[in-house]
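Colleague: One structure, pasted below without further comment.
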């Protein structure tokens, strides 16, 4: 038998590239991982993934990142082409995900790749197709959004053995969901979505404003999210920092869920997982495991990222010392959280006057059983199919209103100083012009009959932005100026500096609101999903599995009352475009049947003169505490700004002026502020008599599909009910007086219809 030496031949370049591609791209999930990392390197804030047949037939990933320059499209799919690395020494300080320039090249050698991309300075997008790393044809201009869309078709079409090994699309799709879910947890603040082609509902979806815990809840369920412990430690000697979330002793699953990111790379570490599970062995039942999400940031020069083709392994210095430090920190956190067990109770809402549905904590719980992840299966009749945090495009499409005045109204910025008083007084920097009194009068005269007219609507244009919107500088004996970070979003309290009120009467009114508040109702309003308006007085909202009918009039009235009390003396001003004579407004009110005027009360002119003189005496207090401004001639020139972008129905202005003079208790301080705030809240509330329901005439909708909805409906949904989420503590009597009614409950509907 003769031994003949074999001939060494140089492999064909296509064979070499295909072998290398098989190492880097082992399955569809690896391809998606590489492309997601490219999206993150491109500073994307939204990443959408669409797959077909587990990614073997189609993978489409789209981002809104920086895009790819047209000049780079020729070589973008060639091996060892990258924008993130220039020299080997750069690996010591690499901070991006990609560095070898192999991902797209490897994919193009085992699939058909099409790239559509547009940069910020590009006039249009460009589309190019690739095969074996080469451009098939010159890039073609096309329409497209900012960012990049990569389409991968027929993955492993030229590797028959690999395609046969990956014959289970469901398994591959599950691994894709796992990869995207893990990246979405680590990259809170970036929106991720994954769905099958042709499906309308995404299987993984995170919101751009969601926190890490929110994303864990969305991906792994409520059972783990409510049992999390936040961890974090830093060791400058070892040059590392760690943060993350781990489950406490209440939670356990049959298989360990371990999310490990080292310098923001999704990696695996068997030694670290075993070290942590050793700690949990003392707390969890046998054969059960914890949930772990850890993010380690180690000095880049101490990490070697170039040790595996798929980059799922890294090596780093001082590994044993770092593992020991992490193990000690987790053990200390678990030791401090093992003194209690948590149970949850649920009651009907809003059946009781007192708070319910609260978490019950027991301190004698070392012997209680652990919560199992498998026991939290959500059945169809218990599934909540809405998310209160979702936003609608309608919120950004504010309907154009028909102004009462022929003159265009605008938001103007004023900066005044009171020189005569010897102290600078920067007042009402953000003002809103309102219609002239003549139009208000004409509008109200048309309201005297039975015909209901629409609310006064305004066309608003934003003027120059002030550096300190609605800031009011005052120096009084009973107030002081402080920085305030609370209640920032909607009310007049969102000022850089606000006045702290030391008036006992106001503090007492605030305390009464707190004592009468219903926490469960507040939670319901905070997390509700708005369904729609029945009419100006009633609206539908969903909370969890229940549908509620809400009295918009009463809720908005309570909302404005609480804003007036809590933000007392901290309001901006809605400036009228022309001064409104109080005499004319009072006469309009007395002419209205709603005033209840009779001849026995005396001549209307005399009563109107009395109202003008009376309110002029109170003008200084009204302007200081309520931003209700009356000039020396007896003209109304400003109203308080309670909620941004909200203007009260001016048809109610005459009655409001009349009731200020007749229904407010001006003798006692507390009663004065309370009654004045209630009258003002009534004027600002959504009232049916001041809104025209053209859309419900004869029971038919007048709105054309695709048209802008009625402005009052937009205001109710996107201004009033948005404010209800965070600026109201509903009183307990709302559970009994019919202002909040439960109409339906999903489990009860299932008993009747046996389906959803």
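Glycine is treated like the rest: Cβ placed from N, Cα and C.
Straight out of Swiss-Prot:
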type	residues	note
MOD_RES	2	N-acetylserine
MOD_RES	33	N6-acetyllysine
BINDING	38, 63, 82, 83, 84, 100, 101, 102, 103, 104	ATP binding site
MOD_RES	241	N6-acetyllysine
REGION	355-378	region 'Disordered'
MOD_RES	361	N6-acetyllysine
COMPBIAS	362-375	compositional bias 'Low complexity'
MOD_RES	377	N6-acetyllysine
REGION	400-491	region 'Disordered'
REGION	410-650	region 'Interaction with EXO1'
COMPBIAS	443-457	compositional bias 'Polar residues'
MOTIF	471-474	motif 'Nuclear localization signal'
MOD_RES	477	phosphoserine
Colleague: Let me know how many other Cβ atoms fall within 10 Å of the Cβ of residue 241 (N6-acetyllysine).
Modeller: 15
Colleague: Taking the Cβ of residue 33 (N6-acetyllysine) as the centre, how many other Cβ atoms fall within a 10 Å radius?
Modeller: 24
Colleague: Test of understanding: give the count of other CB atoms lying within 10 angstroms of the CB of residue 103 (ATP binding site).
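Modeller: Around residue 103 (ATP binding site), other Cβ atoms within 10 Å: 23.
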Colleague: Using all protein chains in view, find how many other C-beta atoms are within 10 Å of the C-beta of residue 38 (ATP binding site).
Modeller: 23
Colleague: Between residue 38 (ATP binding site) and residue 241 (N6-acetyllysine), how many Å separate their Cα atoms?
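Modeller: So the alpha carbons of residue 38 (ATP binding site) and residue 241 (N6-acetyllysine) sit roughly 25 Å from each other.
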Colleague: Quick one: pull the CA-CA distance for residue 103 (ATP binding site) versus residue 241 (N6-acetyllysine), whole Å only.
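Modeller: Spelling it out, the Cα of residue 103 (ATP binding site) and the Cα of residue 241 (N6-acetyllysine) are 29 Å apart.
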